[in-house]
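As given in TrEMBL:
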- 4-127: domain 'Dihydrodipicolinate reductase N-terminal' (DOMAIN)
- Gly10, Ala11, Ala12, Gly13, His14, Met15, Glu36, Gly100, Thr101, Thr102, Ser124, Gly125, Asn126, Phe127: NAD(+) binding site (BINDING)
- 130-266: domain 'Dihydrodipicolinate reductase C-terminal' (DOMAIN)
- His158, Gly167, Thr168: (S)-2,3,4,5-tetrahydrodipicolinate binding site (BINDING)
- Lys161: active site, proton donor (ACT_SITE)
Amino acid sequence: MSDMRVVIAGAAGHMGRVLVRLVQETAGMKLVGAIEPEGHVAIGEDAGLLAGVGRTLVAVSSDMDAALAQADGIIDFTIPRVSVEIAGLAAKHRKVHVCGTTGFSDAENDAIASSARIGTIVKSGNFSLGVNLLAALVKRAAEALDEDFDIEILEMHHNRKIDAPSGTALMFGEAAARGRGIELAARSDRGRDGQTGARRRGDIGFAALRGGTVVGDHSVIFAGPAERIVMSHHAEDRALFARGALKAALWAHGRPAGLYSMADVLGL
Ligand SMILES: NC(=O)C1=CN([C@@H]2O[C@H](COP(=O)(O)OP(=O)(O)OC[C@H]3O[C@@H](n4cnc5c(N)ncnc54)[C@H](OP(=O)(O)O)[C@@H]3O)[C@@H](O)[C@H]2O)C=CC1
Ligand SMILES: O=C(O)C1=N[C@H](C(=O)O)C[C@H](O)C1
């Protein structure tokens, strides 16, 4: 079978550069496009040189349509508005869309879900094996523990991060809510300040810390009467997410339209 031809959106970004590097090292995959918005300083630069892996002969371009036309899929770690646009374009071209962007509004999530009626999309707030396995364990713990155990989700990321709570924290929140049989949207507490009153029984709390160069730390705390269970994940290198995203792209290649998760890819 011939190599899967992929485009990297946000190719000059932190995740984009790691993805460009790892595509070179991944069997069965070939880089054919690298996208940044019109007017970006990286336009015209060789994507491989930007990523520090030598010349790839793929120049960074803003022409997403042209890039998609000659590709089998696009891997997208950008911003929500752009990911919604990519979902529509990739569906139109019947190309795989792997979406790692976080910070979507409900309307943006709905728009991507609607593109997945004709496109093949794998979307996850975190592409690491460890986080996806931990989400399954969080669901199991939430099933086993009643509302005597307060669930709090704590995350810390680098000082560039623009959304909170993180996509991963929301994944853990969804997993806990599914375990409890409740709707996360109705029961989440996403910001405490001042005279908050006592904690509402059964709510799922979120707290976000930002600082330095932290790649991604998450803890799900089950705080019960006289005991606490803490389930944690620490990401040490962005390559972790990039490898997962490339695995998802190869898995999705040739699959029917639909909105898939990393748990589907991993068979969890
Ligand atoms: N799901 C997962 O496993 C992970 C998800 N993420 C998420 O991925 C996203 C990106 O993170 P990160 O790489 O750190 O962020 P960066 O800001 O470093 O990279 C984002 C890139 O997207 C570019 N971009 C903006 N608009 C467009 C456009 N129209 N077309 C193409 N590219 C565009 C940005 O350009 P510009 O320079 O102009 O801003 C930038 O280069 C975030 O939402 C983050 O939360 C991150 C890690 C893992
Ligand atoms: O912005 C990041 O860097 C990360 N974003 C994802 C998230 O929002 O959970 C995944 C990872 O934690 C890194």
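Just so it is clear, glycine is given a Cβ too, placed from its N, Cα and C backbone atoms.
Within 10 Å of the C-beta of Thr168 ((S)-2,3,4,5-tetrahydrodipicolinate binding site) there are 26 other C-beta atoms, taking all protein chains into account.
Checked against ligand 2, the binding-site residues Ala12, Glu36, Thr101 give no residue with a Cβ less than 6 Å away from one of its atoms. In the three-state DSSP classification, Thr101 (NAD(+) binding site) falls within coil. Ranking the binding-site residues Thr101, Ser124, Asn126 by how many other Cβ atoms lie within 10 angstroms of each Cβ puts Thr101 at the bottom.
Classification of Asn126 (NAD(+) binding site) by DSSP places it in coil, neither helical nor stranded. Residues His158, Gly167, Thr168 make up the record's (S)-2,3,4,5-tetrahydrodipicolinate site, and a Cβ search at 8 Å around their centroid adds Thr102, Gly125, Asn126, Glu155, His157, Lys161, Asp163, Ser166, Ala169, Gly216, His218 from the same chain. DSSP assigns Thr168 ((S)-2,3,4,5-tetrahydrodipicolinate binding site) to a helix. The DSSP secondary structure for Ala12 (NAD(+) binding site) is coil.
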